[in-house]
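Before any comments, here is the structure.
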């Protein structure tokens, strides 16, 4: 076997790679006539054949970490840990680099095997095997030092760098560092620390990294750019963006200057640490200075825009990324899907997913989770259930969170049959996906919204048997269900159970009791008002005033205004709707108008009326039935006053009701309002080309308003 011996070949700079195999080439000889050899040749580097050279420390590339300077680590979240890492920025390297000054060795020579053993390839392979032995050693000084004893008493600086750079065990790497420090006087000891820090980064050992940093400072060893980039990438890998920011901002203190790759990594770190202004500032700078940004950084910028609510900005970043020639990977698409889901744009979710599929990218669990969240939130039941089916076809098991999303969606849209099937499937899955409190809560809500009282009560018993106590959401749903079925005593028992469990009624529970009060017959109303008083005394007092005879309207206004100061903004409109409904149900139209006026003044109801040169409109689609009828009454009076004051009506007048149904009512607002308009002989008719609109002309409206007497009072 013939060998090409390279007497002066240096060690490869990419010492972090695995030892290469012998390189096979055709044998060549220095003679004019060449003979073909039947044996392959080896390239062998024999440093002892080269003239004496002064010791040169390894280049910076020897101690450069594999990842931080080449491809920022993917952010440690559910959508990016295992998909689409950033591409390396290093130019492609030749796996078999040629050696200079090759010397041909006769493979039949008795010295061939000895020369091969002394080659650089053989030496590197031996050090790599030694590193593997150190990784598997017991983490004690005696065990680790015993393995290192095979190097002799005078190991080289290059040996130390190669061994540490090849290791994976961070605990043993620190012991190896100690052994070399006790035997070698390093010309640039920061290199040895950097390769050790890289091992700590591999194992996500942030505490160990900080300990070595403190040691470096105590010994007066000045960190360099590689030190900081390794630490920053470790912080990102450990999901410690605040630490990454901390290290980045101390670089100038040590005379280190980040390059554009470090800056791009910090876009991600600042974004994850909540410093949106800094993250977007760096991103603007990256665009202006044309930095090399990886998909992970783009994903972070998209996420930053998403969190700040700038969903169009997130889409713009995506388009900019494509314009720069960066191919979106699964991480980017998952982030976009999640962003558009948060924005409530299921149609864009569909478009993005189609584009992802057309690029041949395979969706993973994070993809399907984003799709399920988006479709469930938008109540796209068919699409959500289709995603569920795809996951099962691909062998992906849904977890309890995804199941609960589907159940919650089914409860919201009243798809009881689908909810029952999903719940049954959950009960048949392994323990990790069995129904939990939220599962039972959603399933009971689904039954309650459909008026299935016995099924809801049976599931409550199952829930107690499974060891789960009903929470406030379960009891709120049950109260709503009992109220719809006019089971007043059961409503009282539900409140008793709530208080027995030590749960304090919240604004939503009280709002549910208010809603029940609007559906309760007069003879049973006292029991519900008692429940409201026990839950919220201030609210109970106001309800008593509204249904009692002889209460002064100004007192009602003052009490209602005080109440609205004390409740959360999320429930104010629901409270207004229910309170006005109570007034209308008990023929207290003046009090209903007082509450409507207050709600408009406090901006609880907004934009109920609109006026343009061509059309005046009333918008009641967000109101309850009683509130809508009250608003109609006020609007009709406003129109009459306008005519009396000499104002000209526009060519068209319209009432916008929407076309949906109320969640806890089988009636749609449009049908109720249409019936009422017929009763009062109002000339409004449903527009055939505009769903949910009732329109009339100026001439018809003027004629009707003129004939309308003061006795034509709008009633429920």
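Numbers run from 1 along the shown chain.
Heads up, the Cβ atoms here are built off N, Cα and C, so glycines get one too.
The compositional bias 'Low complexity' annotation in TrEMBL covers 1-23.
Positions annotated as compositional bias 'Pro residues' by TrEMBL: 89-98.
Among the features that TrEMBL reports, domain 'Smr' is placed at 618-702.
TrEMBL lists 1-30 (among others) with the feature region 'Disordered'.
According to TrEMBL, the feature region 'Disordered' maps to 53-118 (among others).
According to TrEMBL, the repeat 'PPR' annotation covers 189-223 (among others). Confidence over the repeat 'PPR' (189-223), given as mean pLDDT on the 0 to 100 scale, stands at 90.
According to TrEMBL, the repeat 'PPR' annotation covers 224-258 (among others).
The repeat 'PPR' annotation in TrEMBL covers 259-293 (among others).
Residues annotated as repeat 'PPR' in TrEMBL: 294-328 (among others).
Residues or ranges marked as repeat 'PPR' in TrEMBL: 329-363 (among others). Sequence-distant neighbours of the repeat 'PPR' (329-363) (same chain, 6+ residues past either end, Cβ-Cβ under 8 Å): 74, 79-80, 83-84, 295-296, 298-299, 302-303, 305-306, 311, 314-315, 318, 321, 370-371, 373-375, 377-378, 380, 383.
According to TrEMBL, the repeat 'PPR' annotation covers 364-398 (among others). Sequence-distant contacts of the repeat 'PPR' (364-398) (same chain, at least 6 residues past either end, Cβ-Cβ under 8 Å): 78-80, 82-83, 330, 333-334, 337-338, 340-341, 344, 346, 349-350, 353, 356, 405-406, 408-410, 412-413, 415, 418, 429, 433.
Residues or ranges marked as repeat 'PPR' by TrEMBL: 399-429 (among others). Sequence-distant neighbours of the repeat 'PPR' (399-429) (same chain, 6+ residues past either end, Cβ-Cβ under 8 Å): 368-369, 372-373, 375-377, 379, 381, 384-385, 388, 435-436, 438-439, 442-443, 445-447, 449-450, 452.
Listed as Cβ neighbours of the repeat 'PPR' (436-470) (distance under 8 Å, sequence separation of 6 or more from its ends, same chain) are residues 400, 403-404, 407-408, 410-411, 414-416, 419-420, 423, 426, 477-478, 480-482, 484-485, 487, 497, 501, 663-664. Feature annotation from TrEMBL assigns repeat 'PPR' to 436-470 (among others).
A Cβ distance under 8 Å defines the sequence-distant neighbours of the repeat 'PPR' (471-505), meaning residues of its chain 6+ beyond its ends; these are 437, 440-441, 444-445, 447-449, 451-453, 456-457, 460, 463, 512-513, 515-516, 519-521, 524, 527-528, 530-531, 534-536, 664. Marked as repeat 'PPR' by TrEMBL: 471-505 (among others).
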